[in-house]
Amino acid sequence: MSAADEVDGLGVARPHYGSVLDNERLTAEEMDERRRQNVAYEYLCHLEEAKRWMEACLGEDLPPTTELEEGLRNGVYLAKLGNFFSPKVVSLKKIYDREQTRYKATGLHFRHTDNVIQWLNAMDEIGLPKIFYPETTDIYDRKNMPRCIYCIHALSLYLFKLGLAPQIQDLYGKVDFTEEEINNMKTELEKYGIQMPAFSKIGGILANELSVDEAALHAAVIAINEAIDRRIPADTFAALKNPNAMLVNLEEPLASTYQDILYQAKQDKMTNAKNRTENSERERDVYEELLTQAEIQGNINKVNTFSALANIDLALEQGDALALFRALQSPALGLRGLQQQNSDWYLKQLLSDKQQKRQSGQTDPLQKEELQSGVDAANSAAQQYQRRLAAVALINAAIQKGVAEKTVLELMNPEAQLPQVYPFAADLYQKELATLQRQSPEHNLTHPELSVAVEMLSSVALINRALESGDVNTVWKQLSSSVTGLTNIEEENCQRYLDELMKLKAQAHAENNEFITWNDIQACVDHVNLVVQEEHERILAIGLINEALDEGDAQKTLQALQIPAAKLEGVLAEVAQHYQDTLIRAKREKAQEIQDESAVLWLDEIQGGIWQSNKDTQEAQKFALGIFAINEAVESGDVGKTLSALRSPDVGLYGVIPECGETYHSDLAEAKKKKLAVGDNNSKWVKHWVKGGYYYYHNLETQEGGWDEPPNFVQNSMQLSREEIQSSISGVTAAYNREQLWLANEGLITRLQARCRGYLVRQEFRSRMNFLKKQIPAITCIQSQWRGYKQKKAYQDRLAYLRSHKDEVVKIQSLARMHQARKRYRDRLQYFRDHINDIIKIQAFIRANKARDDYKTLINAEDPPMVVVRKFVHLLDQSDQDFQEELDLMKMREEVITLIRSNQQLENDLNLMDIKIGLLVKNKITLQDVVSHSKKLTKKNKEQLSDMMMINKQKGGLKALSKEKREKLEAYQHLFYLLQTNPTYLAKLIFQMPQNKSTKFMDSVIFTLYNYASNQREEYLLLRLFKTALQEEIKSKVDQIQEIVTGNPTVIKMVVSFNRGARGQNALRQILAPVVKEIMDDKSLNIKTDPVDIYKSWVNQMESQTGEASKLPYDVTPEQALAHEEVKTRLDSSIRNMRAVTDKFLSAIVSSVDKIPYGMRFIAKVLKDSLHEKFPDAGEDELLKIIGNLLYYRYMNPAIVAPDAFDIIDLSAGGQLTTDQRRNLGSIAKMLQHAASNKMFLGDNAHLSIINEYLSQSYQKFRRFFQTACDVPELQDKFNVDEYSDLVTLTKPVIYISIGEIINTHTLLLDHQDAIAPEHNDPIHELLDDLGEVPTIESLIGESSGNLNDPNKEALAKTEVSLTLTNKFDVPGDENAEMDARTILLNTKRLIVDVIRFQPGETLTEILETPATSEQEAEHQRAMQRRAIRDAKTPDKMKKSKSVKEDSNLTLQEKKEKIQTGLKKLTELGTVDPKNKYQELINDIARDIRNQRRYRQRRKAELVKLQQTYAALNSKATFYGEQVDYYKSYIKTCLDNLASKGKVSKKPREMKGKKSKKISLKYTAARLHEKGVLLEIEDLQVNQFKNVIFEISPTEEVGDFEVKAKFMGVQMETFMLHYQDLLQLQYEGVAVMKLFDRAKVNVNLLIFLLNKKFYGK
């Protein structure tokens, strides 16, 4: 379509559709047709008008006019329109399918009607008369779309009147449509038979609907129109002010503008009406040419708005904030949220908006929407500013308090608007900010100061963390970032910065400082820069030194050595000549050594030469003084001085003995006399020859010396030289030694004499001992006579004493008899005491009989009496032991789940270890990579799994302390509770996904959701899911009964996998382990049922025994093989053995039906019943074969074939089954499979037909086994669980699920929600609406969003959280909720239990009617206080609901009143009957008491079961640990082999008595260049390579090498070279790499060099 003019080029009016030209005569039918076409055209114009108006309001394109009706059916555009004029009613978030993706994919959905309803509610909110409203079905079902367009037109006029939207255009006659489009619309209108609404009467209807006095309003509007025609502004304004016109916001200064605008509007309307009436026969309306009240008000608002905008623009130009605020308050604009205190903010924001608008090329003033946006932005900015000030104040207060965690918490406050803060660096923030705060003049940091400081400190924190983890890239990125604020960063010094920072970090740790500060980092950078600069200057200085040496001038050499940049130590001017001699000699030696005449000395060589020269000078001076002292001592005649001088270490004389001091002195004095006899030349100089071949000149007068020969030098003739002195000493010492040799033998004679004297003494001692031994009999006789005499005398004395004391003896006897009598009495008493326990037992037996009778009454009686129930009601209390058992149970569940995940992760890592060891053998990876992975395995990943579950305190994470995150957390808890307790959703979801995706989903999410069935509740719910899913699969997927056997049903696979894992592993082990172990231990058992195999084994055996080749053919058919008698014999033996061992397996299986997990048996029952329901004609045998396929073939058979893979048997690390053992087990499994399916051996296996009869007999046993296995109770009977169990359990269910699993589940539910829950009011739709769109991993964890390809994202997705599941739709005890009969019953029973415990009575009615005594009330209060104390100690996951806690605070009387209220409601609901005194409730309480006992028993059994599972998992972890040890020993062997092959040569003296040291290799760059290893060094000529040395040293870590570079002896840099990185580069085909960012090396040749020198390969 296109816009067209009303008049053609000739000025003739153009006919419209339906018009009749003057020369045109039409029939009645043609006129009707033309009229229908005109109606269609007019409606299309209205559609175009509505489309353009909505586009202006929404700011987005709508579908073409001919498709607009269809595009409005989903209500999205209508809902967006509702949001435009009433955002409070219609939120964008509540618009269903806002982007219309679902509509485009699947068409209309019933929930699209929500959008239409929201639009209608929005119109109702603003007050549009309901006479214009369409029905929902008019739009959704397209029953009356013109009604919708009519409503949009009315809405546009109404909004124009309110000043909320622009006026809709009148496009009649101004747009063109094709003939086809008009005909299509005509057909569409005729199809539905729709009566076209009167669009032209909208204004009048709207005025009538909104007015009180229609006649007065009509007259006032006509008067205004007449005044407009007169074009007198004063008259028009007077008419407008008529109260009956109901016009508002009139401003007299704008009267002339009102007149102009209204006059123009009326002229336009009259023109449009004229065009329309020329081509229409319908009845005209008075308002077709007159302006309606709404149009008048709309134009007034338009003028007011324009005027207000002009005033605002003027205020902005003048920069007057007060005038701007007054202009913004104009009612015509209707701006919301204006606050006078924010006037300056409005001025700033609107000036900015205006400037931006002008920059974009728009010069018109800011419009109303832009002003509102600016006001909102300014209010927000002002509010943020105030909040920011408050947050900054809190931060300063927290810094002053000195609590690092509190400071970081305040810094992380979003209202502070600070850069990102990292909690792990809390101490760093506290320390540095506190320092800055103290330095601040006002001791408070401003927001800009905090922003800069936090930004820099965060960067420093990241640097610290990167240094700890060794992340080099992150360290450099932060160092070079402008955010960090470091200065003088040089990229070429990058590696040095990193090395120094690593050392600084290590030093900080050693000093117990967790972080290095910004100042530390800046100082480190400055230090490195200084060192680099000094190195450069030092190299230049070394060059100057070498040049001076070549010139041969000692003074120039001295000046060069004294250059400060060289930093040479110990340079002395007086040693200049010796420096020259020493260094030039060293330079020549180096040139000869490397055969390069241009060789130069390096720094360490020059420094060494200086130190050596200084040392030589000191030693020469001491030597000269020592020789002079000897001469002086000899001349003085003092023997002591002479000996002391001779023994001085400075002169280096040997063989000096103190005993020969006088002889030395006399001999030297004699030598002196001989020199004197020759004559004295009186020279003051002496020349000494010193080590190194140099002469040292010593002045005897000044006692100084030097290396330079003095002018006119003459050697002093009187001084003894060292050689002369040494010669004299050697002669004297030799003579003394000969004399002492004789004196050395005196000790031998002394020792000989001592031995002789000792012999004589020993001989005398032995003689005395022999004499005494001969006299022993006589000595013994004398001693015995003496003892006998003494004993007889003592006896006689005792008899005499007793005879003299007879009275006393009688008294003693009487006392003894009394003691005996008393003892008999006491023994009798003790007898009674000893039998007190028997008496107590008798009494207890009587009491127990009474209690047993009461308990039998409680258990068996239909209506147990109140008295009996009251005795046992205390059993309903939760004791400390109950709480402890619940805590133990929760802890054990968590540990089991953690251990399951740990073992799974460990198993995956072990598999990866297998692969890496295999690659190691193929030289694809380095040994060190395997070693590092091995170290990782030893931790068993428990720490990692534990850390993954600690997400709760991350900033912005799912468990962050904010209302938004709390709502998100609760929404997920509600969702997963619904999924867990309603199996229909997951059962349908499984079959909505592809096979591979559903399997992964089940393995991860479903088992996690049910905590791997770690307790009774979760096992019950999981089995419900299995049951529902299996029934769904059979119903929708299975067309033939054999598909269960031939296919791979999803649910069956999941059930078998679950029950064969950790949960059913013990069962399989108990059933199969004994017989499997027996088979494996029988080494003689060899089952072969293939005749060809038997034949080949026989032939091989004959050839091995005879040593000759057999004449029999090797390749034969089974028939040919069976032709040999030996083969038949061996086959019969194998069959007998196979039948015997198979029978053992069969007996073990059929006798262990009770050991099979209940879940496995229950699913077998469900499978049988479901198949029978779908295939009623299937026989019993056919169904049992399917059950056999499940219980035996899928569940047991794999464990028999591969017992090692299913932990049926234990193998040592590295151990495995032999081929014969596997073949034996495979043959047995095949037999059992044939027996379970009643399949005979035929065809190719005809030679086994002899055991077909045995198979038939075995099938009958299997048949009875399968029938028994299916005979199990239903879930509710087995677990005693129903839909109300969660309302009374002590603890809330908790699951541990990863972030990735949460997001995956959320995504799948959104994608398939219509399939799994087709009903619109299904609860899951509400829960998914609560959650909204699928969140990102980062938003749930609390990390900042990063790169989509971030490799850490996968690790983040595995982070686990715990969700405490709750039910949103049934909250017991909530007073504001509608409580059903069950909830009221539970609450009432709980209160009754509390009352009857403390108040006795025969019936409940009697107790409720009898007032409680004060003693009963006091006892009740004490009990409630004890309960409150116990509840306070209860963990959050076990706390009771709020209403239960409130009930505990009631008195007995209040509780009785609440009970009576509950009983009244229950009576009305028909739950209880007051005629029998509410005996039903007493019976329910009795049942609860019985069930509480069963629950405790189940809990104990569950705890035992979990402990067994935990032990089994620990055993499996131990096995994995053994595998780890096995791998480590293998790796150690590889390392030992590698080390033993290394070609590290050692000198003999190093090999003997010393530990071997790490060898280091030194190469010049020139040598490496010759070998091809070094390609080039940037900025260095090849002829300078000889001055560069590379030193390669192995580190403590295998495969790591430290490479040091020196230039002219100056230590430049150190580079860590990783052998595994080299291999990786080689594997990737990288031929060249850089060292030190400058030296390019050949990767392959470098690997070859390292292998050759360090690994010997």
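Here, residue 1 is simply the first one shown, and the rest follow in order.
The backbone N, Cα and C atoms fix where each Cβ goes, and this holds for glycine too.
Because the structure is a prediction, the values reported are computed rather than measured.
Listed in Swiss-Prot for this protein:
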- 1417-1448: compositional bias 'Basic and acidic residues' (COMPBIAS)
- 44-159: domain 'Calponin-homology (CH)' (DOMAIN)
- 805-834: domain 'IQ 3' (DOMAIN)
- 835-864: domain 'IQ 4' (DOMAIN)
- Ser2: phosphoserine (MOD_RES)
- Ser2: N-acetylserine (MOD_RES)
- Tyr172: phosphotyrosine (MOD_RES)
- Ser330: phosphoserine (MOD_RES)
- Ser1441: phosphoserine (MOD_RES)
- Ser1443: phosphoserine (MOD_RES)
- 956-1274: region 'C1' (REGION)
- 1410-1448: region 'Disordered' (REGION)
Worksheet entry | Distance from Ser330 (phosphoserine) back to the residue listed as 'phosphotyrosine', taken between C-alpha atoms, in Å | 35
Practice prompt. Summarise the model's confidence over the domain 'IQ 3' (805-834) as a mean pLDDT value.
Written response: 87
Worksheet, complete the sentence: Excluding its own, the Cβ atoms lying within 10 Å of the Cβ of the residue listed as 'phosphotyrosine' add up to 22
Discussion item. Looking only at the domain 'IQ 3' (805-834), how are its residues distributed among DSSP helix, strand and coil?
Written reply: 29 helix, 0 strand, 1 coil
Item to complete: Only counting partners 6 or more residues apart, tell me which same-chain residues put their Cβ under 8 Å from the Cβ of Ser330 (phosphoserine).
Response: Asn304, Ser307, Ala308, Asn311
Worksheet item: So how many of the residues in the domain 'IQ 4' (835-864) end up helix, strand or coil by DSSP?
Response: 25 helix, 0 strand, 5 coil
Worksheet entry | Where Ser330 (phosphoserine) falls in three-state DSSP terms | coil
